[in-house]
Amino acid sequence: MKRCCGGIGLPCLFKGVGMASPRPPKYLLIFDFDETIINENSDDSIIRAAPGQVIPEHIRQTFREGFYNEYMQRVLAYMGDQGVKMGDFKTVYENIPLSPGMPDLFQFLSKNHELFEIILISDANMFGIECSLRAAGFYSLFRKIFSNPSGFDKRGYFTLGPYHSHKCLDCPANMCKRKILTEYLAERAQEEAEFERVFYVGDGANDFCPSVTLTSADVAFPRKGYPMHRMTQEMEKKQPGAFQATVVPWESAAEVARYLQEVLKKC
């Protein structure tokens, strides 16, 4: 079964990295970043660069559900006021551990890169993701990275912005991964890219939203015991069959690699 897919054209500066492939890959593989590729939430991790590794209570009290991006803008402004510089953030990002088995999965994908088109959709930020992936040696695996724009202003302050606006009621105000994935699939279809199957590896509630759009030919890999996994289980209980994709929970990403290896054997 052939399946047409698509992409969202975005400037490389903030929202995309491109690597041309000599022949169209057979499979599209989508990764989340926080608590999926890495074993922590990177927004929490960078607090290690703050004085005393804490954020003042009056800033923490400004957090509102669904507006974490805005909250992190205030956190980063405070850290800038305290003299935290780019090198401090970079050091933290470069030392965040990968999730269990993730190096095994990435080594497998490196050996079979011609079969997989790999993208990353994350509510973290472009600077942090690039630092982490380059340090781990796997940045070049990704055809495109979609995340919140970030950088450093003239004062040396780490700045963060929202990715886009959307109308999804289930996602944070700054990012709906379903919208990003849907637009990516549409653009790739216009470019005549055809994927036989789509694979989605994630952990959070914002990964559940795009995974609902997957078909019965596709596979969702939710991290075991995390929100995405619980939400797929709840949907199956309330609406049996409504979640169409095959669900393969994982504790180690090596399990994802083994599943994909079996897929390749059946080709």
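Every residue, even glycine, has its Cβ placed from backbone N, Cα and C.
What TrEMBL lists as active site, nucleophile is Asp32. TrEMBL lists Asp34 with the feature active site, proton donor. The Mg(2+) binding site annotation in TrEMBL covers Asp32, Asp34, Asp203. Annotation comment: TrEMBL describes Asp43, Asp123 as substrate binding site.
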Practice item. Just name the most isolated of the recorded positions Asp32, Asp34, Asp43, Asp123, Asp203, going by other Cβ atoms within 10 Å of its Cβ. Key: Asp43
**Study point:** Additional residues around Mg(2+), ordered along the sequence, whose Cβ is within 8 Å of the centroid of Asp32, Asp34, Asp203
**Key:** Phe33, Glu35, Thr36, Ile37, Ser122, Gly202, Gly204, Asp207, Arg223, Tyr226
Exercise for review: Please tell me which one of the recorded positions listed here (Asp32, Asp43, Asp123) sits closest to Asp203 (Mg(2+) binding site), measuring Cα to Cα?
Suggested key: Asp32
Exercise for review: For Asp123 (substrate binding site) and the residue listed as 'active site, nucleophile', determine the Cα separation and express it in whole Å.
Suggested key: 8
Practice item. Compute the C-alpha separation of Asp43 (substrate binding site) from Asp34 (active site, proton donor), stating it in Å without decimals. Key: 9
